[in-house]
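Feature annotations, courtesy of TrEMBL:
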SIGNAL    1-23  signal peptide
DOMAIN    34-135  domain 'SRCR'
DISULFID  CYS60-CYS124  disulfide bond
DISULFID  CYS73-CYS134  disulfide bond
DISULFID  CYS104-CYS114  disulfide bond
DOMAIN    162-275  domain 'SRCR'
DISULFID  CYS240-CYS250  disulfide bond
DOMAIN    299-398  domain 'SRCR'
DISULFID  CYS368-CYS378  disulfide bond
DOMAIN    408-517  domain 'SRCR'
DISULFID  CYS484-CYS494  disulfide bond
Amino acid sequence: MLRPVAIHCLLSTLLCMWALCNGQSPSSPPVIQLRLAGEKRKHYEGRVEVFYNGEWGTVCDDDFSITAAQVVCRELGFMNAESWSPSAKYGSGEGRIWLDNLHCTGGEKTLAQCHSNGFGVSDCKHSEDVGVVCTQKRIPGFKFIQNQANNDEGLTVQVEDVRLRATYSQRKRIPITEGFLEVKDGGKWRQICNEEWTEKNSRVICGMYGFPGEKRFNARPYKLLATRRKKNFWGFSVNCTGNEADLSDCKMGGEIKQKGNSTCEKGMPVVVSCVPGRAFAPSVSAGYRKAYRLEQPLVRLRGGAMIGEGRVEVLKNGEWGTVCDDNWSIQAATVVCRELGFGSAKEALTGARLGQGIGPVHMNEVECSGFEKSLTECYFNRDAVGCSHEEDAAVRCNVPAMGFNKRLRLNGGRNPYEGRVEVLAEKNGSMVWGTVCSDSWGTMEAMVVCRQLGLGFASHAFQETWYWQGDASADAILMSGVRCSGTELTLDQCLHHGKHILCPKGGGRFAAGVSCTQTAPDLVLSAQAVEQTTYLEDRPMYALQCAHEERCLSSSADKADPSSYRRLLRFSSQIHNNGQSDFRPRAAHHSWIWHECHRHYHSMEVFTHYDLLTLNGTKVAEGHKASFCLEDTHCDEGIQKRYACANFGAQGITVGCWDTYRHDIDCQWIDITDLKPGDYIFQVVINPNYEVAESDYTNNIMRCRSRYDGQRIWTYNCYIGGSQSTETEETFPGLLTNQLSHR
């Protein structure tokens, strides 16, 4: 029989062996360091890498769970985990696979406390490396843990927050472009010693704050201020290469020895001074007067709701085209952002996340160092075989904090994305909240409001808001006569009456309102379909009775003999929805109008304008405002049709589908009976009154050159608005901007 002492010894031996096999002690787990690494990632996501025994390695995805991801994120100083990804989503790592078959309860303080096979015990390959996405919010008071990994080159900067602290004289400037750099670590704001600080470090900081570059500054006033302030330096230097998108991507530098007031003896706290993009020129006033438009750039953004985001398009041989997302990286995205006057990239988006473009795919497999002045300087493959617009690359850039959203608010809505529009304006010497007159209020104005508040695109513009109970103290009208072009960044950049308010119907129930949405449709007419289907037909008046009643003929047809003929320029309209959400008519079922000619209901009475113009833009053939029944005629492969006109069905155009109005149906023409021979411009405009919100209106217009000899017509050089260079489009007056309707 075993004695109690022997049993105790045996149990102790077994426990020690178990702890040894599991690579962890029951009392104190091994000291490890974590980091997030990999491709196409933001600073709060990436491949999980572990520093153990002097070497960086990865974690296998076998048995990994969201609770393990939570332990990882909290150990890195983030509040929580959003998700995790198996199968090397962020690329395959290198070196050892340190942990496999991890089982965490979620309460562990370090990943080393979770049960596993033991450090280095794994049957996995790097194709199984696990990744996590953490919440962006940092743990208040998070202190960067100093351990054996600090001397390793691979360790990145991990702090709670970063800020530019402007001097008193600079604080009223918008945006703040210069100040002391401070990092928050362990719940306290700390300065960084400038002894090892470089311009490349400043470049990264400026990029984070929405500025394309750094500049020199007058150090004298800062030296004076630094001597008067209490010194509280962060314990490390920073080592950026200059092409990082965020400070958290930069490597840690050497440790700074803390010597009280003698710390950083040969230097002073780091000061960063940035160059703003021209759209964000600093101004003492609360904003700037109007949105800046670049003169014929080589790169542009399209289809984004916010300033500094959109599908990337490049100009080549006079034609705009897109960029294929193969190898699309945060470095390439940052080059685009800086080129356009923004900061570094927040996101490099793939898979046509901000809508599909039109025209050719100009660039593929783009590789940038991050220091190029333009995307066109980066290496790329000119062969885009296999790339479709489903792979169009896009970006979201860091932009300066302008405080726009503090001067506008939505009130009374059922959710934060809708409500009565209320503006902050000066009245009798004080700043007060008030409403906006809804006279002439439409989609363009609503678009600017949603953009200013960072809420995406406009969904609807409301001229009555009695059903939304706003703030009673803000009932007074403070803004009237608002007319926006759609490019403005704030409502006060739009044309308006200024201090002399004129609002005949008053505020209250007639105050302007909006609803916003994160996605929008984008309709594009197929120029090729129009060019290929245009022809003339002479048709007798007796066969046009229905069309005549619907005002599809020129006014001279009112007096025409029933046996006479009308000459009709016929063509097909093929309208694609390239956006991110379905195109739906505003009108409800009960207000749709029955059209005898087409034998179905039309949900939009003015959906397109058909016109023939002289070369200087004067209308010659009386075009007409065509109403449509909207349906999915055809869809891309794998997309289901959702809308049909038959049987009073739901109307609209699904994303990835198109609506075809064939050349042989009534009213799909322009009546040119009275037209003289000559050269003309044939024009089609979709959604001309901006009745339905879209992500891009510039591509809603199509123009062709036409030559008519009295018997035959030739239609050629059909272009979609915004698809050609400025020089090409100057031959088509009005094509550059879709300012065709007068609401």
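In case you wondered, yes, glycine gets a Cβ from its N, Cα and C as well.
Automated prediction, rather than curation, is the source of TrEMBL annotations.
When the domain 'SRCR' (162-275) is classified with DSSP, helix, strand and coil residues number 28 helix, 36 strand, 50 coil.
Between the candidate disulfide-bonded residues, CYS60, CYS104, the densest Cβ environment within 10 Å is the one around CYS60. CYS378 (disulfide bond) sits 45 Å from CYS114 (disulfide bond), counting Cα to Cα. Counting only same-chain residues six or more apart in sequence, the Cβ atoms lying under 8 angstroms from the Cβ of CYS134 (disulfide bond) belong to LEU36, TYR44, GLU45, ALA69, VAL72, CYS73, LEU76, PHE78, MET79, ASN80, ALA81, GLU82.
With CYS114 (disulfide bond) as the anchor, the candidate disulfide-bonded residues are CYS60, CYS124, CYS240, CYS250, CYS368, and the one with the nearest CA is CYS60. Looking only at the disulfide-bonded residues CYS60, CYS240, CYS250, CYS368, CYS494, the one with its C-alpha closest to CYS104 (disulfide bond) is CYS60. Of the listed disulfide-bonded residues, namely CYS378, CYS484, the sparsest Cβ surroundings within 10 Å are found at CYS378. CYS124 (disulfide bond) sits 59 Å from CYS484 (disulfide bond), counting Cα to Cα. CYS250 (disulfide bond) sits 26 Å from CYS60 (disulfide bond), counting Cα to Cα. Its own atom aside, the Cβ of CYS114 (disulfide bond) has 21 Cβ atoms within 10 angstroms in the protein chains shown. CYS368 (disulfide bond) has CYS240 as its nearest neighbour among the disulfide-bonded residues CYS60, CYS240, CYS484, CYS494, going by CA to CA distance. Per-class residue totals from DSSP over the domain 'SRCR' (34-135), listed helix then strand then coil: 16 helix, 35 strand, 51 coil. Separation of the C-alpha atoms of CYS60 (disulfide bond) and CYS484 (disulfide bond): 54 Å, rounded to the nearest whole number. Looking just at the domain 'SRCR' (299-398), the mean pLDDT is 91. Once Cβ contacts within 10 Å are tallied over all protein chains shown, the disulfide-bonded residues CYS73, CYS124, CYS494 are led by CYS73. When the Cα atoms are compared, CYS494 (disulfide bond) and CYS240 (disulfide bond) turn out to be 41 Å apart.
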